[in-house]
Amino acid sequence: MERAEAYGFSGAMSGAFLLSCLLFAAVSRRQRGPYMDEVFHVPQAQAYCQGRFLQWDPMITTLPGLYLLSVGVVKPAAWLLGWTGSVVCSVGMLRFINLLFSAGNFYLLYLLLFKIHQKNKAVSGFQRILSALTLAVFPTLYFFTFLYYTDPGSVFFTLFSYLMCLYGNHKTSALLGFCGFMFRQTNIVWTVFCAGNVIAEKLNEAWKIELQKKKDEKISSRKGSFSDLARILQFLVEYLMSPKNLVTLTALTWPYIILVSLFFVFVFINGGIVVGDRSSHEACLHFPQLFYFLSFTGFFSFPHLLTPTKIRKFLLSLRKNPVQYSLITVICLFLIWKFTYVHKYLLADNRHYTFYVWRKVFQRHELVKYLLVPFYIFAGWSFADMLKSKSVFWILMYFVCLLAVTVPQKLLEFRYFILPFLIYRLNIPFLSLYRQLLELAFYILVNAVTLYLFLNRTFQWENSDEVQRFMW
């Protein structure tokens, strides 16, 4: 990092943290007590603060990583500063943990952008700082900086694990992946993703050798055709059938294999992936979740995905491959028809934006969910087009992890999309400075509206005196 870039990054991070502190104070003044899921998280952390480690609220569905870390930070800080009484592990103190995680996420995002795009000499330090700032204030994640939720910590440990993986520190990466798993069980998918990065790199090396042997460069340049995909899958099967290759891959990824094995032991002993209340978190094959994620990504990445050039390229691709797109359309329609699920929370809780998205869009008419298929296909094509600089094995690995982390979820919840979105966004090419500024301005606007609604547009339910607030 050059000196000017170091100063610029320090200034951006300090400014963002100062602004976050001011917003944190505003949220804490308006909402002093626990809100939404905080009514479960805060008492559980406070019980740990008081040494009651055997106490557990059965409504909590995640492992106790957040509470253990909170105690590990707050108790020593309280001892050093001489704090006693109710201020220790108060709502405000516990929420402040996520403010620290938010600053850590900013730094990790910058380091990841630097590492992933280090070969692109055209990218300036200012662009890296700007992209890191933009992702640090990504609206769905940034909002939970000010509440005591698992999201900022979950993202922190997962990004840290990914960074260590990229630097080849796989034992450290697996250990950090375990920390991420302790915050949210589905983060085990991103441990598999880290292992997949290693495997994809080895596969890509072997694939290049294979292409050179056959002197068939056309295969590598036509990633989109089904025939090339069939050849690649055939190569993949042949490579993985070799005991020598399996031994090599195992030697490279053994820390991740141990962690994934421990995960399966946990699932066996626990009787499932969910801790506590399982009635509202049943796994199912909810394939339209992938379409919702693509729409979510299209919305938050429109400066990257929705451009006149991309629209023209998509229409040209549509004209050249009508049979393939017809088949994709039929598959999408079938998946929507047979695998659409509506969670009871989605229909009942009018505090979440997803409630209004579902009511205003999907519930207008039975046919709406089918009429959106062309938009899903365009979003999917744009999504894949932005990843064309990555190897085909990286893309396959990421897509498998994306399916694993989204499809089993019955509830449409934007928080489930945070990590797959960030990893996608980190790996797509940098665009022009104008589009980066447009993306940042859009995120700031969404955050401003979200926080304004949360703080000022309160309402009450019938038969309840509690103040309700809009949120993600």
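Positions of Cβ are set from backbone N, Cα and C atoms, glycine also.
The transmembrane segment feature in TrEMBL is assigned to 6-27 (among others).
Per TrEMBL, the feature transmembrane segment maps to 60-81 (among others).
TrEMBL lists 93-114 (among others) with the feature transmembrane segment.
Summarising the annotation, TrEMBL assigns transmembrane segment to 126-149 (among others). Long-range contacts of the transmembrane segment (126-149) within the same chain: residues 5, 8-9, 12, 16, 20, 23-24, 27-28, 34-38, 41-42, 45, 66, 91, 94-95, 97-99, 101-102, 105-106, 109-110, 113-114, 117, 155, 300, 414-415, 417-418, 421-422, 425-426, 430, 433, 436-437, 439-440, 443-444, 446-447, 450-451, 454, 471-472, each at least 6 residues beyond the stretch ends and with a Cβ under 8 Å from a Cβ of the stretch.
Residues annotated as transmembrane segment in TrEMBL: 155-183 (among others).
Using a Cβ-Cβ cut-off under 8 Å and counting only residues 6 or more beyond its ends in the same chain, the transmembrane segment (246-269) has close neighbours at 170-171, 173-175, 177-178, 181, 185, 188, 191-192, 194-195, 198-199, 202, 240. Positions annotated as transmembrane segment by TrEMBL: 246-269 (among others).
Annotated transmembrane segment per TrEMBL: 289-306 (among others), in sequence order. Remote same-chain residues near the transmembrane segment (289-306) are listed as 138-140, 332, 336, 372, 375-376, 379-380, 382-383, 386, 402-403, 406-407, 409, 412, 414, 417, 420-421, 424-425, 428, 431, 435-436, 438-439, 442-443 (criterion: CB distance under 8 Å, separation of at least six residues from the stretch ends).
Residues annotated as transmembrane segment in TrEMBL: 327-347 (among others).
If you look up TrEMBL, you'll see 367-384 (among others) marked as transmembrane segment.
If you look up TrEMBL, you'll see 391-408 (among others) marked as transmembrane segment.
Sequence annotations record features per position, and here TrEMBL assigns transmembrane segment to 440-459 (among others).
Among the recorded stretches 6-27, 60-81, 93-114, 391-408, 440-459, the one sharing the largest number of Cβ pairs closer than 8 Å with the transmembrane segment (155-183) is 93-114. Only residues 6 or more beyond the boundaries of the transmembrane segment (391-408), in the same chain, are considered here, and those with a CB under 8 A from a CB of the stretch are 186, 189-190, 192-193, 196-197, 199-201, 203-204, 207, 220, 223, 232, 236, 283-287, 289-290, 292-293, 384, 416-417, 419-420, 423-424, 427. With Cβ pairs under 8 Å as the measure, the transmembrane segment (93-114) is packed most heavily against 6-27, out of 6-27, 60-81, 327-347, 440-459. Using a cut-off of 8 Å between Cβ atoms, the transmembrane segment (440-459) and the transmembrane segment (60-81) share fewer than three residue pairs, counting only pairs 6 or more apart in sequence.
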